[in-house]
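As structure tokens, the structure follows; a few thoughts come after it.
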Amino acid sequence: MAGSVFGNIFKISTWGESHGEGLGVVIDGCPAGLPLCEKDIQEQLDRRKPGQSKFTTPRKEDDEVHILSGVFEGKTTGTPISLAVYNKTQRSADYSEIANYYRPGHADYTFDEKFGFRDYRGGGRSSGRETIGRVAAGAIAMKILKELGINITAYAKEIGGIGIDYDKFDIAERDNNAFNMPDKEAAEKVKAFAESKMSVGDSIGGVIECRVTGMMTGIGNPTFEKLDANLAKAIMSIGAVKGFEIGDGFEAAKVTGKYNNDEFVMKDGRVGKLTNHSGGVLGGISDGDEIVFRAAVKPTPSISALQETVNKQGEDIEVSIKGRHDPMIVPRAVVVVEAMTALTLVDLIFDNMTARMDRVKEFYRK
């Protein structure tokens, strides 16, 4: 299967299935000398692991990471880093009946059309558990960014149509509720709404917003490797994501150029902007301002409510999906968005090291 590799210089390859022996990732292109231990990675994996509240899948997994290669005496060696997480509580029998029909909203039908075969247990390769490898690799990328003074923060901006109030925005509150929302009142409203949908076997979606601070200027390229285009590709590669916008996004289509243009001014001896409608990217290249983008996350397709579908014999049938599923994926997808953002930024930052001859000469000057 092609399409499991992401990145050009800081490159990752994820592997594994939801109900296989395990999942993981191989990272190639990480510099030697980065302090790294399993705890650094585990902290991020713990943010996405299942079973943390009644609003996520009840499947319980420790998701304990094992570093198999690329680290010696607490530092990266510059060789490929291999990370593995072993599945422990898979219940494949829950999925035996879906082998013969296509679940609405899932990749069952398209997998069969493309490969002529599919691992129906929990979605196989298209399961949300595939993101374990992304988050594990993203933890390493975030350590690199931290060394450069760059910080990534994502949160649930909206769930089930209930949005946060920016006047009540408190990022510390994000970790105090089950929804990763930085607004306590909004989280309480989501709780009530989610419970009402769960009671009838339905699910809900939402919007994740991500902010990058400390970003230097000049990262990205003007054509096919644009910073915003690469971010869009990275975020849209997350299974549940169906939309992406950066800066003012689609709202920019409703205003004039006079309003949309970010006017330049001098700030503390450097070029700055009066506004940030662009979301920190101009011409595919970072402008030094905060990078702000949003991702639309669809409702979890696995629901127990009765739905119409088709089986492999071409017959119309009605189904109710069994198994352990998330009534919403937004809260657990927040850390995945952060991880894919980190991977994109590190890859482009490393790419930028050869953009200017004067800097190449400065680097190698003895």
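Positions of Cβ are set from backbone N, Cα and C atoms, glycine also.
For the recorded site, Arg48 (NADP(+) binding site), the DSSP three-state label reads helix. The NADP(+) binding site feature in Swiss-Prot is assigned to Arg48; the stated evidence is sequence analysis.
DSSP classifies Ser127 (FMN binding site) as coil under the three-state reduction. Under the heading FMN binding site, Swiss-Prot lists Arg125, Ser126, Ser127, Gly283, Lys298, Pro299, Thr300, Pro301, Ser302, Arg324.
Every protein chain shown contributes to the tally, and the Cβ of Arg48 (NADP(+) binding site) ends up with 24 other Cβ atoms within 10 Å. For the pair Arg48 (NADP(+) binding site) and Lys298 (FMN binding site), the C-alpha distance works out to 17 angstrom. Annotation for Ser127 (FMN binding site): spatial neighbours Glu17, Ser18, Gly239, criterion Cβ-Cβ under 8 Å with sequence separation of six or more.
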